[in-house]
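**Q** Below are the features I grabbed from TrEMBL:
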- 1-32: compositional bias 'Polar residues' (COMPBIAS)
- 67-81: compositional bias 'Polar residues' (COMPBIAS)
- 237-249: compositional bias 'Low complexity' (COMPBIAS)
- 274-285: compositional bias 'Polar residues' (COMPBIAS)
- 310-325: compositional bias 'Low complexity' (COMPBIAS)
- 386-401: compositional bias 'Low complexity' (COMPBIAS)
- 630-710: compositional bias 'Low complexity' (COMPBIAS)
- 711-724: compositional bias 'Polar residues' (COMPBIAS)
- 731-768: domain 'Gram-positive cocci surface proteins LPxTG' (DOMAIN)
- 1-82: region 'Disordered' (REGION)
- 224-285: region 'Disordered' (REGION)
- 303-436: region 'Disordered' (REGION)
- 614-738: region 'Disordered' (REGION)
Amino acid sequence: MTAPSDATNVEVTKNPDDSYTVTGKTTPNTDVAVTLPSGKTVKGKSDNDGNITVTIPKGTVKPGDTITVTPTGSDKGTTATIPGDVADAHITKNPDDSYNVTGKTTPNTDVTITDPNGKTVATGKSDGNGNVDITIPKDTVKPGDVVTVTPAGGDGTKVTVPNDATNVDITKNPEGGYDVTGKTTPNTDVTVTLPGGTTIPGKSDGDGNIDVTIPKDTVKPGDTITVTPKGGDDTKVTVPTDTTITKDPNGGYDVDVTTKPGTDVTIKDPNGNPIGTGTTDENGKTTITIPDGKVKPGDVITVTPEGGDTTKVTVPTDTTITKDPNGGYDVDVTTKPGTDVTIKDPNGNPIGTGTTDDNGKTIIKIPDGTVKPGDTITVSPKGGDDTTVTVPTDTTITKDPNGGYDVDVTTKPGTDVTIKDPNGTTIGKGTTDENGKTTIKIPDGKVKPGDVITVTPKGGDDTKITVPGDVSNVDITKNPDDSYNVTGKTTPNTNVTIKDPNGNTIATGKSDGDGNVTITIPKGTVKPGDTVTVTPDGGTGTEVKVPNDVTNVDVTKDPAGGYDVTGKTTPDTDVTIKDSKGNTIATGKSDGNGNINITIPDGKVNPGDTITITPVGGKGTEVTIPASSTDTTGNTGTTGTTTGTTGTDTDANTTVTNGNSGNSGNTDNTSNGSSSTTGDGDTTNSGTEGTSEEANTTAASNGTATSQSAEANTVSASTHTDNNTTKEGKLPQTSESSEQGAILVALGSILASLGMALGFKKREDSDE
């Protein structure tokens, strides 16, 4: 029997599932034990050819651990090390353009380096401490290639062949130093060397970005510095021209340039077009003005000194900050469209964000209490330069009842404040108290409403405010949705408040740049006849009444011709009357009590026409011109009602007139003793003798009268023999039949006969 041999050619390789496979050679069909550092064993058996294959489960060993492989019956075990990756793999360029790969892995482990195509470009072995140091020959790989460094049995580690520093740029930072940026291989040490030989270390990030800061006063514009990534070539760059750009109050931008004295400087827009030139003075300084309209906020312009490097500068964000009437501040920002903008307080804390619209504009709200007057905030557009702006002095101006104006100022405590008139003349001074507040009196006569005065805190920004006035030409009109529009005139850009009769604020707004006021009072807030007060900031209130509609409208015929229109609306209100075609046919004004009395001239309208009466700011009221009764001679009568009873008219003897059937209409065409009924209803052919009660009559020729009645069932006509007029009235409507009328006629005939008989008898007596 052959004695078992020790395990030979033992290797350990890592599996994709993080387990490990142990391979080797021993006598065939021999049990093999793999002893782990913990003392546990993993067992296996060689095959018929003596090949050993044993799997160590995941998590039971780690890279660098030593295991022992012992065939049964062997005098001693064979040790092997658990392989790992190459840690801290790094690649640097050599002076001869070859590259050295360094790192750390398990000791005495073979290491292979392959190029991006998987081709082996170098091999080596870690030393007894696991250090890797392998040279990749010149021209085998190029900068930017990703090579793989793999220890035997371990995973490959990828590393990028280093590049020289590219896209190197140097810009001045807010602290007065310079930031050096650029691109190289990721996680690479970078050295910045200054003109005196001083070095500043840095390191690229995981994306290969370089960002190294040169402290303030270490270099000056025009100096040359060197940027060197580890293993890469030097890149030289010139400290840029010191350039600042600010908005010119008269339009455009001012670019302040500092470089070598006597240097010609050219400024170009984003398209490369020259937009300004200048030459530095003996101190190396010049200011070049870019005309208005040549560039816009967010544009990147280039400043190039002759013989020097080009400096890029961004046209600053156009930023204004104003106090919000509801508290806090509104920051108006203009930069490139679609740009995220962040606002930070003096401590660097974000206090507001926004995104510019298609026009590059956004308004960002700073919450109340976040900053105070005099604070400096920073406006940072993403990808652009920061802009600092000072929270404005909190300034209000109010009219002093004793004359002049009071200006309340809030800024930093202990600050001297000066107020100047539009001509720049000082008209008031003060110093803020420990709370940062002061009130400065402007004497009477120094300024007038509409003047723009300047409030300047020492060391701070100017604040311009307008001397307030009243709101003039105030008018209030009703809208179709029953809200009201208040219009008027005051000082430009002035906040205006509208209050109801109880002093409650019901609407606010702001006059435009021309001082025009247009504010809407919501529906249901006030009612017609209410007096509202319109007050500009710092000014006095102006009262105006909410307009009313026209009510109680009546139209009557004017004896002198035309029509009189009466009604009710708000006092002292202009009223317009229009015909059905929209033509103005009369105007007038309500009196102090709101009464309307306007005459429409003769011939402007006809009976039945519709007219519209509208007070200024109110709704129109439609009314119809009334119809009238007219006799054949042109005199106008009125409708009356006659209650007929059997008997004799108290004014005169009456004669019963049989009525003919009448037609509906307004005009009586009766003549020669026939009577007709005008109106809708039944008509009888026999009149009833009766007494007229307050009947208005219409004169007709030959003593016949007609009644203009709306609904006549029976017509009774009575003839006055003494004045040749006919009274016509209407009996009350009853359910009596026409037979009753016949009976009454018969009764009347009998009475008439008796009367004639008595009269004849009396004449006989007198004859006797």
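Glycine is treated like the rest: Cβ placed from N, Cα and C.
Describe the structural surroundings of these features, if you would.
**A** Sequence-distant contacts of the compositional bias 'Polar residues' (1-32) (same chain, six or more residues past either end, CB-CB distance under 8 Å): 43-59, 61, 67, 69-83, 152-155.
Sorting each residue of the compositional bias 'Polar residues' (67-81) by its DSSP state yields 0 helix, 9 strand, 6 coil.
Tertiary neighbourhood of the compositional bias 'Low complexity' (237-249): same-chain residues 168-172, 178, 180, 219-227, 255-259, 265, 289-290, 292, 301, 303, 305, 308-309, 311, 313-316, 318, selected by CB-CB distance under 8 Å and a gap of 6+ residues from either end.
Same-chain residues lying 6 or more positions outside the compositional bias 'Polar residues' (274-285) and placing a CB less than 8 Å from one of its CB atoms are 221, 255-268, 291, 294-295, 301, 305.
The DSSP breakdown of the compositional bias 'Low complexity' (310-325) into helical (H, G, I), extended (E, B) and coil residues amounts to 0 helix, 10 strand, 6 coil.
When DSSP labels each residue, the compositional bias 'Low complexity' (386-401) comes out as 0 helix, 10 strand, 6 coil, counted as helix, strand and coil in that order.
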**Q** Restricting attention to the domain 'Gram-positive cocci surface proteins LPxTG' (731-768), give the mean pLDDT.
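**A** Average per-residue pLDDT within the domain 'Gram-positive cocci surface proteins LPxTG' (731-768): 46.
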**Q** By Cβ distance under 8 Å, which residues at least 6 away from the ends of the compositional bias 'Polar residues' (67-81) in the same chain are close to it?
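**A** Contacts of the compositional bias 'Polar residues' (67-81) (Cβ under 8 Å, skipping residues fewer than 6 from its ends): 3-8, 10-12, 22, 24, 26-27, 30-37, 46, 52, 54, 56, 61, 106-109.
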**Q** Cβ under 8 Å, sequence separation of at least 6 from the ends of the compositional bias 'Low complexity' (386-401): give me the contacting residues as numbers and ranges.
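**A** Residues 174, 316-317, 319-323, 329, 331, 371-380, 407-411, 417, 441-442, 444, 453, 455, 457, 460-461, 463, 465-468, 537-540.
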**Q** In the compositional bias 'Polar residues' (274-285), how many residues does DSSP put in helix, strand and coil?
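**A** Counts, helix then strand then coil: 0 helix, 7 strand, 5 coil.
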